[in-house]
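**Q** Feature annotation from Swiss-Prot assigns Zn(2+) binding site to 98, 100, 125, 127. Residues annotated as ATP binding site in Swiss-Prot, with sequence analysis given as evidence: 240. According to Swiss-Prot, the motif ''HIGH' region' annotation covers 9-19, on the basis of sequence analysis. As annotated by Swiss-Prot, motif ''KMSKS' region' applies to 237-241.
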């Protein structure tokens, strides 16, 4: 049997982390077993579905490198197919027209709730012989079995049973002629030959209804696996107030797709005590029986830890491609400065995100307007004039601009003055970067370049002179 899974988001908002994890699990399951992965856009909610949301879903999937073998399919383009099946069901008696007014249904609901009953349709039109005008508005309902149970073996949770008496007759076509979500899903899974439906636990209650429709159509029933929800650190369902945002916001905030994928796969799935997984390892190891039934709590610090790991473990050339986007967003012109690969090597250990790295690399490419106040107050004092003037002479004398020669110039200055490296290095750091923290001075000065370094030392010396004049 060819394994076939699907990811079927509704385009009513961005692709959030819960949806991305579901997509990842479905993708991994199919890839692990050599199957196919389908992308389907469930856009039957015409009022809430937007092109912007569709674009956000596609962008998120592409950024995460979760490729699909079929699709994207759009439910709104398949209405003729859905309605054709509904008409067949009406002819076969597995569906019927319901003419109950909104007022009657609302009164029924209120009465049931007043009696402590679960609100459900009472089957008023199910076996009715009453006649109605051809133009009288009606919905179409599925004739759900009234006896027995629906039992399915959830591949994460085990056997789940629903009594058919608890299920009312589901509306499958609205008065405006549009098919409903639960029905469209069934026909899509049937037509697309989906073998395994992996989705969030909020769909568990939809499953028995969908199984009954499939059986009424004589269609094969796929396997189902329902993934537990993601919680915030306060134990409540993850939402915007926890910082939960769309997948592309994580891109904007400087996270690598490899880090987010690694984090999401571990948010409910495990393989021993292993924390770090490449996409190849995930594909090789992923199974549904290792997915937890319990909810998982989202931990931003853990994601940052993973991101820092991948910034420093992936090939610098690969990280630099992602960094270039962030640098462009800040309007930094990198043509007059080191290659971004060098920035990744220099700043990787110091930065948890690429956004932080982009913001920290400005001094390699741009002149700064002012020195950091605290750093200048501490290190650009009159006592720093001598080491700055001395190191400038040695740096200016370098004919081959290498990291080693830069290091020797700084070390040689300290040795000649009989002071520690910090007495030379710290004023030099503030002079050439404008801030009090940076990578080692030899690699930093080398990357900034000889001419720019000398000019910045002159600027720092002028700053010291102005400071002396004001005292």
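Including glycine, each Cβ sits where the backbone N, Cα and C put it.
Bear in mind that the values here come from a model prediction, so they are computed numbers and not experimental data.
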**Q** Ten-angstrom check, please: count other Cβ atoms within 10 Å of the Cβ of residue 127 (Zn(2+) binding site), all chains counted.
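**A** Neighbour count, Cβ to Cβ under the 10 Å cut-off: 8.
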**Q** Specify the count of other C-beta atoms within 10 Å of the C-beta of residue 125 (Zn(2+) binding site).
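**A** Its Cβ has 18 other Cβ atoms within 10 Å.
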**Q** Any idea which of the binding-site residues 98, 100 has the thinnest Cβ neighbourhood at 10 Å?
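**A** It is 100 that, of the binding-site residues 98, 100, has the fewest other Cβ atoms within 10 Å.
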**Q** In the motif ''HIGH' region' (9-19), how many residues does DSSP assign to helix, to strand and to coil?
**A** 3 helix, 1 strand, 7 coil
**Q** Using an 8 Å cut-off from the Cβ centroid of 98, 100, 125, 127, can you name the remaining same-chain residues around the Zn(2+) site, in sequence order?
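**A** Going along the sequence, the neighbours come out as 96, 97, 99, 121, 123, 124, 126, 128, 141, 169.
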